[in-house]
Amino acid sequence: MTDISILNDIQKIIVLDYGSQYNQLIARRIREFGVFSELKSHKITADEIRDINPIGIVLSGGPNSVYADGAFGIDEEIFELGIPILGICYGMQLITHKLGGKVLPAGEAGHREYGQSALRLRSESALFAGTPQEQLVLMSHGDAVTEIPEGFHLVGDSVDCPFAAMENTEKQFYGIQFHPEVRHSVYGNDILKNFAVNICGARGDWSMDNFIDMEIAKIRETVGDRKVLLGLSGGVDSSVVGVLLQRAIGDQLTCIFVDHGLLRKNEGDQVMDMLGGKFGLNIIRVDASKRFLDLLSGVEDPERKRKIIGNEFVYVFDDEASKLKGVDFLAQGTLYTDIIESGTETAQTIKSHHNVGGLPEDMQFELIEPLNTLFKDEVRALGTALGMPDEVVWRQPFPGPGLAIRVMGEITEEKLETVRESDAILREEIAKAGLDRDVWQYFTVNTGVRSVGVMGDGRTYDYTIAIRAITSIDGMTADFAQLPWDVLKKISTRIVNEVDHVNRIVYDITSKPPATVEWE
């Protein structure tokens, strides 16, 4: 059996996309159980599902009514495939509507629910095995089921929802009116695991080790003896892609690392030493710092900064790529979330596909995106499985424009140096305190504000540095990290004593929303 054939034998649970903001969380939670899961369009046909051969199907939630014009439907032959189905929120209403039950708009049914609610189990169910008879769940629905289809029976209700959970054990169809994928549903993970393992019979055969074997085989089959180009940023995603490609095709890979002069302290050298030295990647380092800083001189508007950096990065990359001969493929660190966030027919675009969108139209490469089925935490797990050290795998997220958006106002060498040095101190002290895995993201910002201070016997008028540290689960929302006061005090003392032109430290205690993580 070839490594590629293993991919076809891996058990899969597919999630049909009906537009819920939580869709990717469903797939992510299922993967945590060692079961491969991915989103598919709600327009998928029964024949297409037969080709995929999943062990289970989840119908996601969504913002629409089953009675609305253009409401998202389902190929009803899917109900005849003999595959277990779990309908979540809109998915439960769709099952009910298509199989002969009744769904009413909230105004008529009187059962609108938003927020946490107490679910009461009225009968035993394999879906709820090991969970308490009463449990908190997250409800978010306008319409409501008022009559369940023939062959189904009631499993659970809530004060405002007479049919909060239902099942047809003969067909292995299950419907729940709440969202088990979010953490506000206290036993949601147990419910999803019961569906995957106890009902669908998942054996948990999805792991990073078999992903590596399959992806290497896939890369070798796709590339053959041709050459691949990778734009290396030093971040986690492109670094993991580089190491994976190196293992797959060796010296057929060439990496271009554009140093725009906006990196963190010693970051350029660390990239070269680690990826070029330890892992043997063939890296062309381009020192374009003067080129970028000259273009940014006098620019204060953050959007102009971003556009200048983005455009110039493409020009520099294109210049270097044009010097290479016989390259057929461009590799990118596109993640599954990038593809989802690019927008689907069921959801608005959150952001454009940043990896592809900025490339010149005349760059005629075939794309290789080895990580495009993985979430961020899975990329870190992949890096660890590839033998990459923690300092690379757990590197702090870093924006494409680099320190340019952590310097408020005009960018100068002096301001950049204050951020580089203060950020290095912050990262060092967070690590020393053992908090580097607990805090989602942390960095410093030169606020562009000067204030009066006293150092020694002299008056100073220097920059104010802000510390930003957040906790989060998925990055969509965030709270400021409540760092211990002694740690903050040490960080502040070190920065004002060790970093020139800084005399004041402030701590950003704003959540997201209303603030964003980055200041610009």
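Each residue, glycine too, has its Cβ placed from N, Cα and C.
As recorded in Swiss-Prot, the features of this protein are as follows:
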ACT_SITE  CYS89  active site, nucleophile
ACT_SITE  HIS179  active site
ACT_SITE  GLU181  active site
BINDING   SER233, GLY234, GLY235, VAL236, ASP237, SER238, SER239  ATP binding site
DOMAIN    12-205  domain 'Glutamine amidotransferase type-1'
DOMAIN    206-395  domain 'GMPS ATP-PPase'
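One way to see the shell of the ATP site is to take the Cβ centroid of SER233, GLY234, GLY235, VAL236, ASP237, SER238, SER239; the remaining same-chain residues with a Cβ within 8 Å of it are LEU232, VAL240, VAL241, GLY333, ARG395. Cα to Cα, CYS89 (active site, nucleophile) and SER239 (ATP binding site) are separated by 39 Å. Annotation note: SER233 (ATP binding site) sits in a coil segment as assigned by DSSP. Mean predicted confidence for the domain 'Glutamine amidotransferase type-1' (12-205): the pLDDT average there is 90. Recorded residues GLY235 (ATP binding site) and GLU181 (active site) have their alpha carbons 29 Å apart, per Cα-Cα distance. The CA atom of ASP237 (ATP binding site) is located 30 Å away from the CA atom of HIS179 (active site). Counting other CB atoms no more than 10 Å from each candidate's CB, the binding-site residues SER233, SER238, SER239 peak at SER239. Cβ-based neighbour count (10 Å, all protein chains) for ASP237 (ATP binding site) stands at 21. The distance from the Cα of SER238 (ATP binding site) to the Cα of GLU181 (active site) comes to 29 Å. Nearest by CA distance to HIS179 (active site), out of the binding-site residues SER233, GLY234, SER239, is SER239.
Distance between Cα atoms for GLU181 (active site) and SER233 (ATP binding site): 33 Å, as a whole number.
Secondary structure from DSSP puts the residue listed as 'active site, nucleophile' in coil.
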